[in-house]
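A.B. asks: Please find one structure pasted underneath; my questions will follow.
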Amino acid sequence: MSSSSSDIIFITNLKNILSQLNFYFGLFIFIFGIVGNTLNILILSQRTLRSNSCVIIFLASSAAGIIAILSGLTSRVISGVTVDLSATISWICKLRGFILYTSRAVTFWLIMLAAIDRWLLSCRDAHRRNMSSKSNSFRGIIIITILSILIHSQLFYCLDANLINTPLKCYTKNIECRLMNDLTFAIIVILLPLIFILIFGWMTILNTRSTRNRVEPMTIINQPIKISTTKKRSKKTDQRLLIMLFVQVIFLAIFTLPLALQKLYATFTLNIPKSTLQMTIEDFIYQIALICTYFATAMPFYINTLSGGYVFRKAMYTLKNSIIQIVIYQPTANATWSRVEQDLLTVNTYLHSEGYTKIGLIGFCWGGLRAMKACGNGNNVSWTNTPFFTGISIHGSQLNVPDANVLQVPMLFIRAGNDPSFDSITAVLDQKLFGSRCEYKGYQNMTHGFVSAGANYSNPANVAAIDDVHQTLRTYLSKTVASTYPFGTVHSISGSDLKVYDVVGDHEMKTKNNVAMIVLYDIRDSCVDARLLQRIPDQPTANATWPRVEQDLLTVHTYLQSQKYTKIGLIGFCWGGLRALKACGNGNNVSWTNTPFFTGISIHGSGLNVADADVLQVPMLFIRAGNDPSFDNITAVLNQKPFGNKCEYEVYQNMTHGFVSAGANYLNPENVAAIDDVHGKLRAYLSKIVGNGSENIKASFITIVFFAFFVKKFSAFF
């Protein structure tokens, strides 16, 4: 076979290979480039990111990249299946070439602009840092676009269709145009941006190192340093954007430099005679290098996904969730409460089948009201006991007293300054057993929707409020979900109208020694300072005499023994402190010879006397405020007893009567510290008496002790 025939076969094979590469690889880049740049725009245009000046530039670069891919690859892909009109019709060739070269130049120059923006942001000079702004980014984008249009306007003259002996049929028509176009593309569009990117990138690295190593004199103040969450997030975003930029630049250089070098080579060897084979090989290399530039335009989304870290991926997940919410979960017209209720039951059943045991609700606006309804057992629900363990209402609309009346579980309520007040429902919820576990939070400077659809992520105050809401939700759910948090249960005693309120509940909190403490609480007034009101589970009866209390104590004691509790003690407040002293002895006013209780605790005990101390049979802990009666009259008696050394006495001289119960002032740090100390004393005392860690103590609240004097006074609260 002659050399000429071999060359012809080789040239033919190269052209076939090139045709297949143009079609298949071009189609691949076309699809992934359009999809990737579109996703880039959707993700970067989210409110959490688009306030950043660099993100604005990336957005514009992605938009220019879509235009470059559409104008450049469409004809290549079409040429594999049909006639490429830009190769035969002159005006289409000119328009396509102008749009392609202009948009591609804009894409590459914007990456250079992003590098300059990152350098400005890293500068120590405040004036330069202030130049890194959204407004300057917009100005830079406009200027770059105008310059690119002016530079490439010559293509309307230079480009033409139906050319021969050129890499493409739509190509520059003479040597002068080819020189101008090749040098413009190689130097202005590719090499100069890469040089500037290298310079500003290196200066950014130097600035960053200088900032880290800089030591400045400072005054140390003994105060906690608080760093704004918004500033921390902004700094993290800036760092990730810098990494994304550097990675893009590296790939940009890899995929664009070959074409720039090929253009320079073609320019410098333009007048050198070349064989057909050499020209074919050079055309093949040109076409491969050209395809690589399209790959550089198509890759930003995939680079951002890999190098953008948590910042970019979080934005991507947010976009995915919003698409699911908009497309998949489009609401139907049938959104009545009965339909919602049925759907809630369906989802609840499904979640139980997946192993979830604690299922709650979060509702926004109308959903906040529905969460409240679903957490109760009103006439508008089909269940007697709500299947949900808690609810959270945010911007809840039309929260009302009837729904609050039938609420069965604690809830968190969050509102903006212009949302309706919680006053009408708090008065009702405070009466409930779990009333102290309901929480309310208002953001007076925010408006309705600030934490949902109406959120303004360009407003730092709104972003800070959203962060605070998230933290509030985490804290509330941590308390409510934690297995050690007392959910409580209510037990009825057979043959009695008494109820036992178990503040621990039946969720694996049984103690090793089966210890139960019965609380005899006193009835006192409201704690006005902290807007707290002491509520009692059941309305007191007029019959609160000692014989009735004594009988009720025996009834509850028998019930607790039936539940396998072997150590049963008493805690009493004020009048209840005296009753605890009486019940732990065998005086004339009790029906037993030996007290059934293993210990007692008297807090603010009123009327403590020598007669009851004389007949005390078990050790006790006594706690009083500075203005409570002294323990001197009883300590002299109790010290004589065999267990006298086990009795303990604590005095809080700076506190007043009721500081650890209904009279507590939770706005006073000293009072709060004293309460914490009392809790510690109780745990330590019970640990010694029981013989185990204080975490093994179980408490049961009962509604049995009401002094007749207070009945009339408190009847107004119910």
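Positions of Cβ are set from backbone N, Cα and C atoms, glycine also.
Under the heading transmembrane segment, TrEMBL lists 23-43, 55-78, 98-116, 137-157, 183-205, 241-261, 284-303. Under the heading domain 'G-protein coupled receptors family 1 profile', TrEMBL lists 36-304.
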A.B. asks: Any contact between the transmembrane segment (241-261) and the transmembrane segment (137-157), i.e. 3 or more CB pairs below 8 Å with pairs at least 6 residues apart?
C.D. replies: no
A.B. asks: For the transmembrane segment (284-303), find every same-chain residue at least 6 residues outside the stretch whose CB is under 8 Å from a CB in it, and list them.
C.D. replies: 14, 17-18, 21-22, 25-26, 29, 32-33, 35-37, 39-40, 43, 58, 61-62, 65, 68-69, 72-73, 104, 107, 167, 244, 247-248, 251-252, 254-256, 258-259, 262, 266
A.B. asks: Cβ under 8 Å, sequence separation of at least 6 from the ends of the transmembrane segment (98-116): give me the contacting residues as numbers and ranges.
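C.D. replies: Answer is 54, 57-58, 60-61, 64-65, 67-68, 71-72, 137, 140-141, 144-145, 147-149, 151-153, 155-156, 159, 181, 185, 188-190, 193, 196-197, 200-201, 204, 245, 248-249, 252, 256, 293, 297.
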A.B. asks: Short question: which residues 6 or more past the ends of the transmembrane segment (137-157) have a Cβ under 8 Å from it?
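C.D. replies: Result: 53-54, 56-57, 60, 94, 97-98, 101-103, 105-106, 109-110, 113, 116-117, 177, 180-181, 184, 188.
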A.B. asks: Can you tell me the mean pLDDT for the domain 'G-protein coupled receptors family 1 profile' (36-304)?
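C.D. replies: For the domain 'G-protein coupled receptors family 1 profile' (36-304), the model's average pLDDT rounds to 78.
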